[in-house]
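In what follows, a single structure is set out as structure tokens and then discussed.
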Amino acid sequence: MTAQPLLQVDALAAGYFGMPVVRGLSLTVGAGEVVALLGPNGAGKSTTLRAISRLQPAMAGTIRFRDEDITSLKPQAVARKGLVHMSDRRGIFHGLSVEEHFRLGDGGKSLDLGTAFAYFPALEPLRHRRAGLLSGGEQQMLGLARALARRPSVLIVDELSLGLAPVIVEQLLPVVRRYATDSQAGVLLVEQHIHLALEIGDRGLVLSHGDLVLEESAEAMRADRQLIMSSYLGEGPQSGKRSAAAG
Amino acid sequence: MEQLLLFVLLGLGPGALIAGIALGLVLTYRGSGAINVSAGAMAMFGAYFYYGLREGHLLLPLLYPDIGGPLPLPVAFVVAVAATGALGLLIDFAVFRPLRRQSPLAKLVAGVGVLMTIQAVIVLRFGGQGQSASDVLDTTALHVLGGTVPVNRLELVGIVLLAAVLLAAVYRRSRFGLATRAAQENEAEALLTGLSPQKLSMANSFLAATVCGALGILVAPMTQLDPNTLTIAVVPALGAALIARFTSFPIAALAGIGMGVLRAVTTYCQTQPWFPTADGTAVVGLTDVVYFLVIVAALIWRGKSLPVRGAYVEPRLPPAPAPKRVVRPAVVLTGLCVLALLTFPYDMRQALTNTMIGAIACLSLVVLTGFVGQMSLAQYAFAGVAGLTVSKLAINAGIGFPFGPVLGVLAATALGVLIGIPALRVRGVQLAVLTMAAAVAVQAFGFNNPSWGAGGNGSPVAAPTLFGVNLGPTGSFPINDADQPSPLFGFVCLILLLAVVSLVVGVRRSSLGKRMLAVRSNERAAAAVGISTRTVKLTAFALSAFIVGIAGVLYAYNFGSVDPSRFDIVNTFALIAFAYIGGITTVKGALIAGFMVTEGIASHILDSYLGLPTNYQLLIAGVLLVVTLIMNGSGIALQPPPKFTFVRRLLRRSDDDAPATATTAAAMSMAKVGGK
């Protein structure tokens, strides 16, 4: 897309207790681009996201964000620079009310409640309710609204669809697409709903057992289901390369 | 009636202190997830620091430099409060921050280490006796209800309630409060939001320490400025904080004041003719029993709904490997002990006896804490009950050896089970709080009672005799019995130590041991695979109290009397410290700890031959306890053996060096796997 990607990961290795789960992973996310990170359970998708947001140390490789090496920064510093990681726990706090979530700004300034409600009007009547009392869909809306209100230049999202009805997922994902296009931000999306993710995405990456097995344009992946199938099931050119589960 | 109200008004002073400490407890818990049992010690530190400034000295660890005359009251107050705040920051930075990924129990035990350290610093400077603290607040007397009440009591209550309301407002409205609440709920999510939980924790610790310090300074003139009174005020404060679910500041403050009023009401009742008496005087220590009951009630009522801190990583517990190849080291150590008992001079013989009894006491913690992950701060209370039973049975019922000691140990076991019963409803940290209250109650209500306790000069214990042979320290023995203790008593201790070691080794190797480790690592998961966590925990409590009861009986025979001060909670703190430093998860660790216990072999050598008094040893032990916990709490016993590569290279050829290291490494990794 652009000459210089917003997020550039090179030869990343990350894992737990000294065992790498992801090895030699390289990826880029450009401005205005939505990249879908796909793969079966235990492929290392969430680990990759955690390593990018520095919640977990990288065992090897570098992570560059807007031309700056962030590989050794603290997670809170990365977050304040505008790389927002919305984890599968949705980034919300059950004890805080909807409104309080937007007063809990980063860097001491409140977030723009108006923008958030513009994205998700359904949240407006719930502003004084505690987040713990919201339904799963409402919580996810709140989490996404808050993530977007922070105006990230790169947004990484872990399983937006987790535990939600497909109808709601179909509402949420286009919002992510719109944000990327409107504000020329990069989005890295981990998703189980492959077809939904590829509909809004520009490119798709498939991880399997910690290795990148496929990198294609979303269009091509949508067109050829066999491509994804073989990358998930390991029947492609990579077959038999790795049998032991790593993650 | 009017007199009762007067007592209540006077009780507001101590009540304000308890409320202040409770506020500090809530602040620390919300900021860092630690139940800081050293909050009372911080209040004590503040009060002593202020005292030092007013005397014209600066209170520092081991130093007490002159600052050229006393500071004026307001300056001294501000400086002392700031110093306590700085202490809070230091403790957060050096203790709670490195422990933030550890289990809540580790954090609580670290608080014990901090408490010991602060107390040792104060005792080294001022001794154990109290000082007369000067008044800070206005002492003008108010004439109410036909009596006089100093106006400062009411001022104090005002100050505490104001602080509570301010804190509540800050937590509700300010961005700092929101951030702390968010970080308390889930640290990882807070990080992703750009918050810094560590900075939040420091800010809360600073606030907590200043509140505790200020109240300590203000209330010390009304209670007593000594190393114990303010420190132990943390017990009712824990009760108040529990009632507030470690969350609400106003409730914590009100409950704290209520605790103070409870004490006043009990004192009032003691003056009444209907109050139960023992030996002609009103029964003492009832307040502490009431505090214990309040804590039990609060735990049962509130315990399950305490907010837990969302941790990002499951804490890793220290490994508890099953001992392998025990026969050879056991035979060698027994042989060495026999040799030592037959040859050592009397002082070292006494130290060795203390070491063996101390090792038994530490083994009780290995079972409870090392295997099951529960903590009891009442170990010496159990020991004292056992010792006291032996003494009282002999005096009042004429029951002597060997039935007295058996009944004594059984009494300790029964008490252990009794205190363990609330453990069925609560887990981990809260249980430690409960046992702390129990220890104080048993001490105040039981041991200090002149009739059924050992109040005054202690309760005498006759030497154990079997078939006319005196087995006690006063007995005679053909070899090496020029002075007491008799080597024969050493042999009795050795045999019992061997028996207890076999018991603990057997438990760890049995299926019960495996169930215990399962409960330690995850109670819910253990229950899910069909382990009765209740049975396991109660068994552990009974076993632990049984073992420490044996130690208690031996202590009683050793000293020839049961002296309440020997079974103080402060001694339990020290025991926990030594057990952790040695290695709380293994039998080997308990034996190492036995060498270090106060008046044990290492302690005696340091004290008598190297000139390091026990108070300094306790200071070092407090610091080492924290260091051990930061290093995952595995203690000396599980450290890799020193390599001495240089020496080895001199002794051996280089080619058989390599395989030797490889086997050690393999054995170590196996030991780690075995302990998981």
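Quick reminder: no glycine exception, Cβ is built from N, Cα and C everywhere.
Beyond the transmembrane segment (B:34-53), the same-chain residues lying 6 or more positions past its ends with a Cβ under 8 Å from any Cβ of the stretch are 17, 20-21, 24-25, 28, 59, 64, 67, 70-71, 75-77, 79-81, 83-84, 87-88, 91, 96, 99, 104, 107-108, 110-112, 114-115, 118-119, 121-122, 125-126, 131, 133-134, 136, 208-209, 212-217, 219-220, 225, 227, 229-235, 237-238, 246, 429, 432-433, 436. The transmembrane segment annotation in TrEMBL covers B:34-53 (among others).
Positions annotated as transmembrane segment by TrEMBL: B:108-127 (among others).
TrEMBL lists B:154-171 (among others) with the feature transmembrane segment.
The transmembrane segment annotation in TrEMBL covers B:206-225 (among others). Same-chain residues lying 6+ beyond the ends of the transmembrane segment (B:206-225) with a Cβ under 8 Å from its Cβ atoms: 13-14, 16-17, 19-21, 23-25, 27-28, 31, 36, 39-40, 42-51, 77, 80-89, 91-92, 130-137, 152-153, 156, 159-160, 163, 167, 233.
Taken from TrEMBL, the feature transmembrane segment covers B:237-262 (among others). Remote same-chain residues near the transmembrane segment (B:237-262) are listed as 8, 11-26, 29-30, 35, 37, 39-40, 157, 160-161, 163-165, 167-168, 171, 287, 290-291, 294-295, 298-299, 302-303, 305-307, 430, 433, 436-437 (criterion: CB distance under 8 Å, separation of at least six residues from the stretch ends).
Panel annotation: around the transmembrane segment (B:282-301), residues 235-236, 238-239, 242-243, 259, 262-263, 266-267, 269-271, 275-276, 422, 425-426, 430, 433-434, 437-438, 440-441, 443-446, 448-449, 455 of the same chain, lying at least six beyond its termini, place a Cβ under 8 Å from a Cβ of the stretch. Annotation comment: TrEMBL describes B:282-301 (among others) as transmembrane segment.
Residues annotated as transmembrane segment in TrEMBL: B:326-344 (among others).
Residues 103, 105, 108-109, 112, 317-318, 320, 337, 383, 416, 419, 423, 427-429, 431-432, 435-436, 439, 490, 493-494, 496-497, 500-501, 504, 507-508, 513, 516-517, 519-521, 536-537, 540-541, 543-548, 550-551, 554-555, 558, 569, 572-573, 575-576, 578-579, 582, 584-587, 589-591, 593-594, 597-598, 600 of the same chain, all 6+ positions outside the transmembrane segment (B:356-377), place their C-beta atoms under 8 angstroms from a C-beta of that stretch. Under the heading transmembrane segment, TrEMBL lists B:356-377 (among others).
Look at TrEMBL and you will find B:397-421 (among others) tagged as transmembrane segment.
Residues annotated as transmembrane segment in TrEMBL: B:428-447 (among others). Same-chain neighbours of the transmembrane segment (B:428-447): 35, 37, 103-105, 107-108, 232, 235, 238-239, 242, 283-289, 291-292, 295-296, 299, 303, 306, 373-378, 380-381, 384-385, 388, 415, 419, 422, 453-455, 562, 564, 567-569, 572, counting only residues six or more beyond its ends whose CB sits under 8 Å from a CB of the stretch.
Positions annotated as transmembrane segment by TrEMBL: B:488-507 (among others).
Counting only same-chain residues 6+ beyond the ends of the transmembrane segment (B:618-638), those with a CB under 8 A from a CB of the stretch are 61, 94-95, 98-99, 102, 106, 109-110, 112-121, 123-124, 316-319, 321, 574, 576-578, 580-586, 588-589, 592, 596, 598, 671. The annotation transmembrane segment is assigned in TrEMBL to B:618-638 (among others).
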Result, the transmembrane segment (B:326-344) in contact with the transmembrane segment (B:488-507) (3+ CB pairs under 8 Å): yes
Residue numbers, six or more beyond the limits of the transmembrane segment (B:154-171), whose CB comes under 8 Å of its CB atoms: 9, 12-13, 15-16, 19-20, 23, 27, 30, 137-138, 142, 177, 180-181, 207, 211, 215, 218-219, 248-250, 252-254, 256-257
